[in-house]
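**Q** Structure provided below as structure tokens; questions to follow.
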Amino acid sequence: MYILAIETSCDDTCGAVLHNDRILSNIISSQINLHSVYGGVVPDIAKRAHQQRLPAIVTLALKRSGKTLKDINLIAATRGPGLGIALSIGFNFAKDLAKTNHIPFVAVNHVEGHLLSVFLKNKNGLPRFTSSFPILGLTVSGGHTKIVLIKAIGNYQVVGETLDDAAGEALDKSAKLLGLGYPGGPVIERIATAGQTDFLKLPRPLQPRRILNFSFSGLKTSFYYQIKDWSATKIASCLSDLSATFQASVFEHLIRKFSLSIDKYHPASLLASGGVLANLTLRRQLRKFAKTKSLPIFFPPQKKLNTDNAAMIALVAFYRFQKDKSINDSKLDINPRLELFQEIQ
Ligand code: KG4
Ligand code: ZN
């Protein structure tokens with residue numbers, strides 16, 4: 001079957017067409033240049049840009065896939081979580097398109113999209129692998145940080161999540177503090193490669209082993225207080241060490257809680273996804289770590305499938321349709337605070 005999906009939960013306008021779980025087209029129009037001058041996403045600007053760009057993105061996604069609306073069997077869009085006014089642009093556009101063309105509509109949870117993005121395949125059906133359940137998934141972006149026990153596709157248990165900032169948000173905020181611009185994660189990654197990871201002493205959040213949640217606000221505050229009286233010249237001269245130290249603390253916290261969750265839930269395999277997993281240092285550390293646990297670990301198969309995209313939304317819709325051929329979510333509305341467990345069927 002052919003699935004057309006739209007994703008507008010934050011600052012990327014995305015459209016994709018899949019043939020089952022194979023990506024035929026995956027268009028992402030980033031709004032970074034519109035928001036970076038403000039140091040973060042401005043909801044009104046995001047909304048307007050989605051409105052202006054979405055029709056052309058959908059047309060391009062169809063064109064690149066070699067398909068037309070007549071070939072499409074299912075239309076999907078992100079329902080939440082995300083920025084309300086950004087979500088509603090894509091969601092309502094998709095719903096209208098589905099209604100006008102008498103195509104079933106599927107409302108998708110963005111976090112489920114990130115989790116399952118590791119199963120996406122290219123046009124030729126690659127990569128081919130078999131993953132055994134239960135899978136423990138770590139999904140880390142600018143909006144969420146969660147450890148999820150995936151008992152089967154569609155059956156999720158959130159076993160740990162952040163109590164305050166998301167890990168990507170913490171990286172973005174510390175980058176802003178260092179004057180590195182937005183989004184900070186990729187800049188920090190680049191600058192950190194030449195730095196020492198123990199330049200400052202940062203706290204280890206939520207130490208007790210029984211706690212599987214994350215907290216990044218203490219890390220960020222400690223970082224802020226240690227450098228707040230430094231001159232711009234001093235900060236500039238230590239940028240790599242500061243970036244490397246902050247990044248290393250965030251990654252250590254992620255891996256420690258992932259490790260404790262593995263010990264508690266005994267998964268058969270692991271996956272890691274979300275914007276922050278575009279970071280090659282984190283991927284390397286997770287690969288090494290998975291080896292120590294003798295578990296296979298899967299990542300999204302292309303770099304651009306880590307950050308927001310509509311291919312992952314189409315894939316969730318495909319799996320949902322496989323389970324329920326009469327699915328139609330056309331009566332639903334967006335939910336900016338949508339929880340993952342609401343997707344359990
Ligand atoms: O998944 P995503 O595109 O959007 C959300 O759902 O939030 O993730 C965006 C987040 C931002 O915080 C960004 O700084 C972070 O992912 N990010 C990275 C890298 N690329 C994007 N963080 C670390 N290293 C990267 N290379
Ligand atoms: Zn995302």
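Each Cβ is built from the backbone N, Cα and C atoms, and glycine gets one as well.
Sharing the features that TrEMBL gives for it:
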BINDING   His110, His114, Asp308  Fe cation binding site
BINDING   Thr139, Val140, Ser141, Gly142, Gly143, Asp172, Gly185, Glu189, Asn279  substrate binding site
DOMAIN    23-314  domain 'Gcp-like'
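Surface or core, plus neighbours and distances: that's what I need for these features.
**A** The C-beta environment of His110 (Fe cation binding site), restricted to residues of the same chain at least 6 apart in sequence and closer than 8 Å, consists of Glu7, Ser9, Thr78, Arg79, Gly80, Pro81, Gly82, Gly143, Asp308, Ile313, Leu338.
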**Q** Just the binding-site residues from Thr139, Gly143, Asn279, Asp308 whose C-beta lies under 6 Å from any atom of ligand 1, please, or none if there are none.
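**A** Close enough to ligand 1 are Gly143, Asn279, Asp308.
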**Q** Per DSSP, to which secondary structure element type does Thr139 (substrate binding site) belong, with helix, strand and coil as the options?
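**A** In three-state terms, Thr139 (substrate binding site) counts as strand.
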**Q** Do any of the binding-site residues Thr139, Ser141, Gly185, Asn279, Asp308 touch ligand 2, in the sense that the CB is under 6 Å from one of its atoms?
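**A** If the test is a Cβ under 6 Å from any atom of ligand 2, the answer is Ser141, Asp308.
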**Q** Roughly how many Å lie between the Cα atoms of Ser141 (substrate binding site) and His114 (Fe cation binding site), rounded to a whole value?
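**A** It is 9 Å, counting Cα to Cα.
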